[in-house]
């Protein structure tokens, strides 16, 4: 028998039931019992789906109220002291993830949420564990055991999933100086022993223990920690050591020495590792082959996968398991919900529910089931047809791609010359003030957008409504005294989806939601074909806004790499080529904007760093083509057209050369929370172009004082020549309300004016 399973299933519910229940609970509209009932219903449905599809195990422990790393933190009794008030409960978990205001806690100070960061190179976020020297661990949070029991009582064969001890430590951070979190390992392992012992007593036979950091380039001390850890926690349950997102060949020497019972590897992300792993697999281990991609939306080529695995099946027999490459939480829930897709387009996709069916069908085919083998061949036919589809391949796009030259990615003059031209044309003051692009998406804007999409507003009525919001934004900015204005992006629901809806080559969905963190879900567009701009996208809005003011108006574009990173890409061509196609489309938009009289154009690239591959040796190749894509986008700009970009990172050191290579005339960055410390990277590199360090944190409702902003600007001027500084917030203002925005920007503009007077005296 070929054992079939998945590494996890989406926890949000097919129509985001968990999101809505969580938000009702946080607003006080339902109690904990009602919230838990929603969670139970989602789990029961997920398990039933896996069983009905024919999987040998259902996966328990993949459900999380906020984030699975945070769930592990509570399971281990490792709650930060500022959030620990007696025995942990759901509210404890939410305090760690979301923080608590002083009014809610009654303590007069509130408690800050733990940090949140990206889960490897996905668009999912996790709550970062915090470690200090006096930490203890105790198994006090019953969620995992309750859910295992729940699944057992429903008659399922259960395989719990547990984040492994080394990855848990690695993914956290020390909160005291001079302390190494790896020294906590012996204490942590005692807790893991207790967890595995308890699962064994519940009748569990296999535990999926996730150690995704084994796909990274680990320092020797972290590699050595695995052997100690697994010698200690080895007990009465079988352990499936689970890795994903990249190859584990770098750490395979250490892996095969571990006292575990099986290994899961991501064959989808790193297909070349399969043969080596099969040859080196210990004779008593199972191999779980992650061949169904858990991170995409594409139908699997089951016929090709079957052909690849049949020799492995011959070698390993029942020791071969078939699985998803990673948890399916990175995929939308159910393709069956999509009512607006054409039959041809639908045949290209598989969401989480369909991927479960793919795993089960592949397992039956590997057992020699003739009907299943035939079904695999039939299932793969749309993939073959898609390769020659006129919808997918466009000769006009391919011609442009083939004609890309180095000159296409260069401005027509170096920065020093451009800066001179721009100073003459733009006429901006010393320390120019601006914002990053978006203004509040008010309830009125959202209502109008919804009415338009439902056909309750005509296109003409909707356009007029949006123009009213743009005019209001321009009027407010002029009253505030900003130097460079923006139109406010009232027409955009999302900075990526907006461009996906207006570029040929994308497919958007109705219910293609995936979890980002907590209750936040995103609905990435899908790149289905060659990308082309068929008509101008932003020109009408920007030129209308420019017609309302004599001040400079910024055109606002989302950059090619960010659009790529925040969508589901094609897999029949390289990510580099998709980025090039996007860059060419945006290049045309830049040309049209400047021809229409827009002299400043911002090309946002907040995701360039997020797109870095997991292994450092692969970074430069990625950065080279990412930089090229940006420069192709900006390459149509004349010397007098000023190109801005915006990035929000917490770490620039490792990519500062590539940031400089973008050759943007102005870069705006997120720096206020770091007290301008992030500028050190630019100072040490001697960054040559202009910089707008964010002077206040837009994620906080707090209004920054003028003196505080002045102090930040003084610190910035110690690192960057004041003549090259801009004054702006950290990020867009979409999520704030107008009173907050106007109060903060008033102080920001006044701070700039005060320092102009002082420094130019």
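Cβ coordinates are placed from backbone N, Cα and C, and glycine is handled just like the others.
Counting every protein chain shown, the number of other Cβ atoms lying within 10 Å of the Cβ of residue 699 (active site, proton donor) is 14. In this structure, residue 699 (active site, proton donor) belongs to neither helix nor strand by DSSP; it is coil. The active site, proton donor feature in Swiss-Prot is assigned to 699.
Under a cutoff of 8 A between CB atoms, and with a sequence separation of 6+ in the same chain, the neighbours of residue 118 (5-methyltetrahydropteroyltri-L-glutamate binding site) are 124, 125, 610. The 5-methyltetrahydropteroyltri-L-glutamate binding site feature in Swiss-Prot is assigned to 16, 17, 18, 19, 118, 520, 521, 566, 610; the stated evidence is sequence analysis.
Other C-beta atoms found within 10 angstroms of the C-beta of residue 489 (L-methionine binding site) number 25, with every protein chain shown included. The DSSP secondary structure for residue 489 (L-methionine binding site) is coil. Residues or ranges marked as L-methionine binding site by Swiss-Prot: 436, 437, 438, 489, 604.
Long-range C-beta contacts of residue 438 (L-methionine binding site), restricted to its own chain and to partners at least six residues apart, with a cutoff below 8 Å, comprise 486, 488, 489, 492, 495, 732, 733, 734. For 436, 437, 438, 489, 604, the entry in Swiss-Prot reads L-homocysteine binding site.
Residues near residue 731 (Zn(2+) binding site) in space but far in sequence (CB under 8 A, at least 6 apart, same chain), listed by position: 436, 646, 648, 670, 694, 698, 699. Taken from Swiss-Prot, the feature Zn(2+) binding site applies to 646, 648, 670, 731, supported by sequence analysis.
Each of the binding-site residues 18, 521 was scored by how many other Cβ atoms lie within 10 Å of its Cβ, and the smallest score goes to 521. Each residue in 435, 486, 495, 556, 602, 646, 732, 734 lies on the same chain as 436, 437, 438, 489, 604 and has a C-beta within 8 Å of the C-beta centroid of that L-homocysteine site, without being one of the site residues.
Counted within 10 Å of its Cβ, the other Cβ atoms near residue 436 (L-methionine binding site) come to 25, all protein chains included. When the binding-site residues 437, 610, 670 are compared by the number of other C-beta atoms lying within 10 angstroms of their own C-beta, 610 comes out lowest. Farthest C-alpha pair in the 5-methyltetrahydropteroyltri-L-glutamate-binding residues 16, 17, 18, 19, 118, 520, 521, 566, 610: 29 Å apart. Taking a C-beta cut-off of under 8 Å and a sequence gap of six or more, residue 604 (L-methionine binding site) has these contacts in its own chain: 437, 495, 556, 557, 558, 559, 562, 645, 646. When the binding-site residues 16, 646 are compared by the number of other C-beta atoms lying within 10 angstroms of their own C-beta, 16 comes out lowest.
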